[in-house]
Amino acid sequence: MTRLVWFCMQVAYCLHGWDWDIMDRGRSSNSYDSLWGGKARDNPIVSQLPLQYRIRSALTQEQQTAYQVMYRIQEITIKLRTNDLNPPTSRYRSLSPPPVYDSQGKRTNTREHRYRKKLEEERHRLVEIALKMIPHFIAPDDYRRPSKFQDKYYIPINDYPEINFVGLLLGPRGNTLKQLQQQSGCKIVIRGRGSVKEGKAATDLPKGAMNMNEPLHCVISADTEEKIPLGINAVESIIIKAITSPEGQNDLKRGQLRELAVLNGTLREDNRPCPLCGEQGHKKWECSSNPSLSMTVICQRCNQPGHAARDCTSPLNEFGKRTSDGPEFRETKKLQQDAPPPSGPVGSHPSAPGSGSANSGVAPASLHPPGTMAPPGALPPPGSLAAPGTLPPPAALPAPAAPGTLPPPVALPAPATLPQAGVPPAPDASPAVKTAVPIEGPPAPPQTAPPLRQTAATASSAGSSQSAQEEPENARNGVEKAAPGPPAAVLPPPPPPPPPPPPPPSS
């Protein structure tokens, strides 16, 4: 009996092929077929396909994949053309979503609509694969490539209500969301309940922003399907960092707060450069290049900068004068003592006797540029005054002259003369030379003969001292100094009067 059954099976296989309808082996005919089951002759679309569903030759792995992609694209295209949108019957079906209606009251998410949308998305994905894998591939005629691909990422706001996910995604003035869009190449929009602040009108928001039926989520759209995962990963990284970071240790949030302070102009940090010199490490009021007015004020009691005499707090010594024992005072005093003596002729120091500056109150000639005269009552600059309690340096002694030499005679300046009325000029004088009479003034000091050993340097210094003494006198009397010119002609002395006549002889 067993051999007879085996023989019948061999005959059936040779005549009809291996068919499970003939060889059901006692199974019920009401059993559900799997998704991959079914017979080719029961599918009316197979007869319309130009490609064969049975491959009778050996193909490589790439050829098999390309053949399957093209076969599936043609199958989906025929289904969409013939409007064959009956979903396959399955034992296990997912729950249907809640109904969604349009503005006209028609339902937009029926089973047929969802199945059509699923087929279109599958064909879009297969066409993208075929364009990269199969050379010279041509898409179906009724195929329209979508302008953008879209996906959603739901934010777990119900699990973590204490975290401000919307603020972290947006950032200060939306800069964080702009950076995510630039990095991923996708457009990211926050939609759902909690994405819009209370009090905003629907006219001020874009289309779809007021759809509060869905929970809080991010809508990620791009022109290619490969960019969608990049946008989802960018949003997911921020959500995970906000969930896993302890409170106060979220680097992203601290960076956003710092950026917001910079935008508002309220950032306070220690490493900002100085606005005066541009260097770091000090504040504006600590900058050494900032000219301080208080450092230009010098106390007249302790000679210290930074305060006036009435604010001086230096102690009084036994003489009733202000003293200062601070390091700054000692350093200033040491610099004044170590300063070299002033260079110049003897008598030019303001405290030197006989220079004429102590009595007249005019600064010495060495403190003014050559060719200028100090005004009456002018005081020398503060830097030239000696410190209180210090003596001027001793005057330099002239070098001894060689023995047996006499100094040259001292040349006295010619007295200023004015023209005298009624006196004709001398016959020898040129017409350009005019006679002048001396101006009455204070008597000149008596001229003393220089010592025998006076050198030329001493004589020249004495002459300059005398000329410096005469300049203040002339300035005080209002007489201008005559320009140097040719020597004036000196009139000869008048002849002596004739002797009186002798008396007549007496008789």
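Cβ coordinates are placed from backbone N, Cα and C, and glycine is handled just like the others.
Note that the coordinates shown come from a computational prediction; the quantities given were computed from them, not determined experimentally.
Annotated features in Swiss-Prot:
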- 84-93: compositional bias 'Polar residues' (COMPBIAS)
- 319-336: compositional bias 'Basic and acidic residues' (COMPBIAS)
- 345-376: compositional bias 'Low complexity' (COMPBIAS)
- 390-412: compositional bias 'Pro residues' (COMPBIAS)
- 440-449: compositional bias 'Pro residues' (COMPBIAS)
- 450-469: compositional bias 'Low complexity' (COMPBIAS)
- 484-507: compositional bias 'Pro residues' (COMPBIAS)
- 154-220: domain 'KH' (DOMAIN)
- 84-110: region 'Disordered' (REGION)
- 307-507: region 'Disordered' (REGION)
- 272-289: zinc finger (ZN_FING)
- 297-314: zinc finger (ZN_FING)
Grouping DSSP H, G, I as helix and E, B as strand, the residues of the region 'Disordered' (84-110) number 0 helix, 2 strand, 25 coil
Please work out the helix, strand and coil residue numbers for the zinc finger (272-289) from the DSSP assignment.
-> 0 helix, 0 strand, 18 coil
Using DSSP, how many residues of the zinc finger (297-314) fall into helix, strand and coil, respectively?
-> 3 helix, 2 strand, 13 coil
The zinc finger (297-314): mean pLDDT?
-> 83
Residue counts (helix, strand, coil, in that order) that DSSP gives for the domain 'KH' (154-220) = 22 helix, 10 strand, 35 coil
